[in-house]
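A.B. asks: Here it is, the structure in full.
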Amino acid sequence: MALPEANMSSTRSEQSSRSHDTIVGNEQPHSEKPAASAPGDQMSSDDEDEGPQTEEMIRRHSIVRDLARNYTNTSHHFTGSSADLFNAADANSPLNPSSENFNARAWARAMAKTMGENGSGFRQSGLCFQDMNVFGYGAETDYQKDVGNVWLGLPDMVHQMISPNANKRRIDILRGFDGVINAGEMCVVLGPPGSGCSTFLKSISGETNGIYIDDSTYFNYNGIPAEEMHKSHAGETIYTAEVDIHFPMLSVGDTLTFAARARCPQNLPPGIDHNLYSEHMRDVVMAMYGISHTINTQVGDNYIRGVSGGERKRVTIAEATLSNAPFQCWDNSTRGLDSANAIEFCKTLRLQSELFGQTCAVSIYQAPQTAYDLFDKALVIYEGRQIFFGPADEAKAYFINLGFECPDRQTTPDFLTSMTAPSERVVRPGWENKVPRTPDEFHARWKESQQYQIVRAEIESYKSLYPLNGSSADAFRENKHSAQAKGQRLKSPFTLSYMQQVQLCLWRGFRRLLGSPGVTIFQLIANTAVAFIASSLFYNMKPETGDFFKRGATLFLAVLSNAFASALEILTQYSQRPIVEKQARYAFYHPSAEAFASILVDMPYKITNSILFNVTLYFMTNLNRDAGAFFFFLLVSFIMVLAMSGVFRSIASLSRTLSQAMVPASLLILALVIFAGFVVPVDYMLGWCRWINYLDPVAYGFESLMVNEFSGRNFTCTAFVPNAQIPGYADVGGLNRACSTVGAIPGQSYVNGDAYINLEYKYFHAHKWRNVGILIAMTIFNHVVYIVATEFISAKKSKGEVLVFRRSNMPSKAKSDPEASSSRPIPTTEKNNNEVANIQGSTSVFHWNDVCYDIKIKGEPRRILDHVDGWVKPGTLTALMGVSGAGKTTLLDCLADRISMGVITGEMLVDGKIRDSSFQRRTGYVQQQDLHLETSTVREALTFSALLRQPASTPREEKIAYVDEVIKLLDMQEYADAVVGVLGEGLNVEQRKRLTIGVELAAKPPLLLFVDEPTSGLDSQTSWAILDLLEKLSKAGQSILCTIHQPSAMLFQRFDRLLFLAKGGRTIYFGDIGKNSETLTNYFVKHGSQECPNGENPAEWMLEVIGAAPGSHTDIDWHQTWRDSSEYQAVQTELQRLKAEGSANSVDQKSDPESYREFAAPFGQQLLIATKRVFEQYWRTPSYIYSKAALCIQVGLFLGLVFLNAPLSLRGLQNQMFAIFQMLTVFGQLVQMQMPHFVTQRSLYEVRERPSKTYSWKVFMLSQIIAEIPWNTLMSVFLFVCIYYPVGFNKNAEFAGQTAERGGLMWLLIWQFLIFTCTFAHAAIAITDTAEAGGNLANVVFMMSLFFCGVLAAPDKMPGFWIWMYRVSPFTYLVSAILSTGIANAEVKCAANELTTFNPTNGTTCGEYMDSYIKAAGGYLTNPDATSDCKFCTIKSTNVYLKALSASYDDRWRNFGIGMVYIVVNIVGALFLYWLIRMPKNKNKKKTA
């Protein structure tokens, strides 16, 4: 689909005139080491300072001519026009990205020539940095906050607000960095996690949020100062993080089209428009990264199905590539890619550097040698110290000259990284006392070296060639300005104009809607259904006074439904915030442009929804049947939607975290509802809070709709006093009776609508259009606040990486303590390996034969695994390898019995016997994702696994002692009591991986250990440490099967056996690897492959042999070759032997029943341990507990103060009823707070603990429910105290002499409400995947229950069809019990405006006239002795009011009992629904053994 264009048709003459003087290529001359073949490098080295303008112009013209000539020379293969390049129709053309013959290098040369000839070449920028020091501020306290100790941080918080950095100490991150990266060069940044690689890349690219750069630091970007480059040219230096953040519902093609269009230069070659250019660039980049086939596939994320993880990573890379930034920083961007794709990524960067002069700084973990060889320079960082910077091909020699030795088959990047690991670096004989040991010593040696002096000389040369703000800076600015849209400021970092940005974001917004139309359609259907249900409750109201309350309730419901239809936009804003901020850093668009576009994108939905909902409600309820009134109703309703949308969007944009937004939003919603004027009319609002009504947009909308409905109409009276139906009053008429409705005039049989709303609500016709104007002003103001706040307020950033401890387990010295972190000498003794002696070993052999796995994908059967054979024996370490998509993890899941769908066939045996129900518990499965409970400590996580998964017969003390053994084995002593936390504030990546392995080891798996991708995303040093650990375990007798992603040669050599899979899950090889991989390589050579060259990585060589590496090809069917080989026959023979031996030695399960139980621990112990952990999670999440407490206290106090000392008048009784009604509305907020914590625990349980048979699903559900009860009990006390006494319910009880019982029962009922809420939340979330979906489901049921509980419409006023809903609604019984307990057995005192006025018959007093009536119908007179103007109150006792609502004080305990039954139903329902929806039933799973 073509991208939209706006104001993009600037003429070619305008573009030409503006870009006539633009420098097309790299205008800088050579430094001492020239950039690698960048276009335009062949230039004079006479870079003069700014001189006369004419001389400068002549010089620039000369440069342009030279560069054009240079481009022609380097692009001689392409002689066509620009149209030939962008419209290459030849399917075999190497310039056509859709062609199988597409050649990236040929295209790049042609592109450079085309753009150069038209004076619109590529900007280039190098970097010189000198004396670079980067630091941050770290808090002295790094203990875990919990409910008990969170208050201890308050003094520090106050102090920090006064002086932000006063209570923090400076932590140096990088110290003393110097270097030059010339334009067109590539620099690889090496170092272990935490060494400062990311900080370095962020600093040089301007991503300095949370870190600070010393004032003494010198930056020079080809003459551009750092401040200007990072602000005015932000999109020219970009930082690409390792995380993949995209709109999941957007297709890959649309994602990349957007990126290409956002940075599309305006000065394009003749005949090429912006859409053609953008789509062509998108296709080229997708072809370069091998993702052309995903163009119409959704990107997806962890929850939404889309492209694979590796493809999503390449989408991230492609998006950054399309930014066309001349200076690019890539932070571990190859994470998740195998070595072949990592190499292709680096080759593409090399191509860009050579032909476009782009400069790249790249940090790579486990960099293949081939990738490293593509770089010009290397930077090695050791704990924040620069220990080498210079030519990449000289780095290895530098460290060898320092006295270190590079082992055979170790790659150069691994060798360089090993310099930062004392346990890995190898010292040459005779150099033991000469080599540096600590980071400071390495840094000092670097500063003393000859290489450093060369760097210093290069820096000085660079400074003289590119003086700050010199001619090269001017040329850069001109080139950039020529690419910008017409009218853009030079200092603006954006290519497109603001309106073009809005238009582009608008296009993307509609593409996102098209990507997930189901959500929008479902919302429209759901809202229309709610409209039908609500309308049926007030169906076909008559123009009579008896429906006044229903008519007001209908309009109130309409106002609230329209006003709060946009409440969930808060969640939407936070979900897309990281994406918007990332793309703003790329200078794609202003955040406010996306905000403005999002408002417009939502308009069609808002308009459609508003029409469907309001038309349904208006006509079904029989509101004012006047055309003008109807369209006014639609207008006000729609403006209400927009006004409140602006409010919710503003709240989201003004707060940095979702938790910051939710509590204010909850209170705001409550305040807007109460002060709208229906629940509490204006006259009844207390003075301290009257101002809220003036700021409430809902109030203005409600008043306008009430005036629209009632003004200018007369309503027939349906209730007179005295009533003609009472004997003796049948003939009463005229002035001797009056309508009992507010606004009635004695003698009239109708009530004027204006009089009613004037007296009851203080609403006036003159305010009708005034309020519309106020609403429009509020709408504009709210949206302006939203747009401005979006531009300037960013989301909260993570802190620096720091360990967090329980306060009682804090280490004696803080991490930042200089003494604690002082350098220590390298230990000279080898580590004792005897610690593995106590680790559980395996004695069983696990073997499988002819394993196949078939599954239906989009209705089509697909085979994922195809006749896979193999075994794992005790004491062996077996590698499972294969290309991406070969089914490695799938095979692991099949073998570990973790597949719940599809069809699995084949034999999977343990010592010749079929796997039983205990198999999962008796094996360990180390997953690729490191899933742990954030609030637990390392020791607690290990102990939890040990207590529940080790046999019940093992004493508890022995299990705890075994946990200590595991901690020692994994070298986790230093952080054994640290909290898991989240990345950045807790364990780092390596520590999490060790914990993941430790949790499985703590279970003492007696059979074997499955390990999935243990080194994925880790640096080579950490990967080596993880393999060290696995090797220790195998030597201790463990059987280990491990999938691994293209290991280095040295890592690969550490495995004993290999199972190698090709695409489609077909076996290529299974057998020994052999010394120096000779057994493996000999097999392939024997069957027709080339010899493995010396020094080549066998893991990479295998991929090339089978034709799986990019650019490789083979004519040999290696799967069939394996099936025909003698090695395969030997495997089959061994499998038959294992099966036969196992069957002969089989042991009856009855002899050792405990070993074969599904769960190791009994049910009671499971429940105790699991519940304790949930309690700990809640205690250590003070934000949840205090947010819940704040909500209950603030809502309770707010209601208590708003309805303070509510009188026992008719309106006072209604206010007390609404106080109870509004209290129930905290249901939604409590549910939204609770569900995310449940989802966190459930994710951990379902992904790791349930498949491992740690504890049963019944225990999981019950532990979650039990842990909520004490906290909700505490909250009920807060809510009770804050509402019961301020509102005055206690005074009603005192009047009746029932203080103790009614006070106690009121607390019990409030407690019951909160327990009902939490148990219902568990039932709702049990069947949904996300907290948002669960919250929506719960709110739908809550709204239905609230509608039909008898408050908005009494049961006798409901349509007969809905009586069943009244009876099944749990709130029917709750409201009845609470209201009757609160107000029963008290006398009513009508307010003056509630009294009905009429005259008695001639010659009688009011008392004599009404005596018979009062005896029959109730009520009382305030002036019984008067002979005129009788003042009559229709209700004397609160029990009469209760009866009208079908409530009775006598039913209070019955209703309480019914409420308890609902709670039991919730609990049983939660358990049943979880079992029904989320527990695997294995219906489709078939196995043959």
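Note: Cβ is positioned from N, Cα and C throughout, glycine not excepted.
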A.B. asks: Say a student had to find the N-linked glycosylation site annotation in Swiss-Prot: which of N118, N614 would be the correct pick?
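C.D. replies: Going through N118, N614 one by one, Swiss-Prot flags N118 as N-linked glycosylation site.
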A.B. asks: State the residues, same chain only, that lie 6 or more residues beyond the ends of the transmembrane segment (1190-1210) and have a CB under 8 A from a CB inside it; answer 'none' if no residue qualifies.
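C.D. replies: Sequence-distant neighbours of the transmembrane segment (1190-1210): 663, 666-667, 670-671, 674, 680, 685-686, 688-689, 1216, 1218-1219, 1222-1223, 1226, 1229-1230, 1233, 1275, 1278-1283, 1285-1288, 1291-1292, 1383, 1386-1391, 1394, 1433-1435, 1438, 1441.
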A.B. asks: Compute the C-alpha separation of A886 (ATP binding site) from N332 (N-linked glycosylation site), stating it in Å without decimals.
C.D. replies: 24
A.B. asks: Counting only pairs at least 6 apart in sequence, do the transmembrane segment (773-793) and the transmembrane segment (628-648) share 3+ Cβ pairs under 8 Å?
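C.D. replies: Contact between the transmembrane segment (773-793) and the transmembrane segment (628-648): present.
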A.B. asks: Other than G882, V883, S884, G885, A886, G887, K888, T889 themselves, what residues in this chain have Cβ atoms within 8 Å of the centroid of the ATP site's Cβ atoms?
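C.D. replies: Other same-chain residues near the ATP site: T890, L1061, K1063, G1065.
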A.B. asks: Least buried of the binding-site residues G882, G885, G887, going by other Cβ atoms within 10 Å?
C.D. replies: G885
A.B. asks: Going by Cα-Cα distance, pick out whichever of the glycosylation sites N118, N332, N469, N714, N1402 is nearest to G887 (ATP binding site).
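C.D. replies: Looking at Cα distances from G887 (ATP binding site), the smallest one goes to N332.
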A.B. asks: Give me the non-local Cβ neighbours of N714 (N-linked glycosylation site): same chain, 6+ apart in sequence, Cβ-Cβ under 8 Å, ordered along the sequence.
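C.D. replies: For N714 (N-linked glycosylation site), the qualifying residues are Y750, V751, N752, G753.
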A.B. asks: Spatially, which candidate from the glycosylation sites N118, N332, N469, N1402 is nearest to K888 (ATP binding site), comparing Cα atoms?
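C.D. replies: Nearest by Cα distance to K888 (ATP binding site): N332.
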A.B. asks: Under 8 Å between C-beta atoms and at least six residues away from its ends: which parts of the chain pack against the transmembrane segment (599-619)?
C.D. replies: 502, 506, 509-510, 512-513, 520, 523-524, 527-528, 530-532, 534-535, 554, 557-558, 561-562, 565-566, 630, 633-634, 637-638, 641-642, 645, 649, 783
A.B. asks: Rank aside, I only need the closest one: which of the glycosylation sites N118, N332, N469, N1402 has its C-alpha nearest to that of G882 (ATP binding site)?
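C.D. replies: Closest candidate to G882 (ATP binding site), judged by Cα separation, is N332.
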A.B. asks: Under a Cβ pair cut-off of under 8 Å, which of the recorded stretches 513-533, 1218-1238, 1269-1289, 1457-1477 contacts the transmembrane segment (1307-1327) most often?
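C.D. replies: Between the stretches 513-533, 1218-1238, 1269-1289, 1457-1477, 1457-1477 has the largest tally.
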A.B. asks: Comparing the recorded positions N118, N332, S884, T889, N1402, which residue's C-beta has the most other C-beta atoms within 10 angstroms in this structure?
C.D. replies: N332
A.B. asks: From the glycosylation sites N118, N332, N469, N1402, pick the residue whose C-alpha lies nearest to the C-alpha of T889 (ATP binding site).
C.D. replies: N332
A.B. asks: In the three-state scheme derived from DSSP, which category covers G882 (ATP binding site)?
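C.D. replies: Assignment for G882 (ATP binding site) reads strand.
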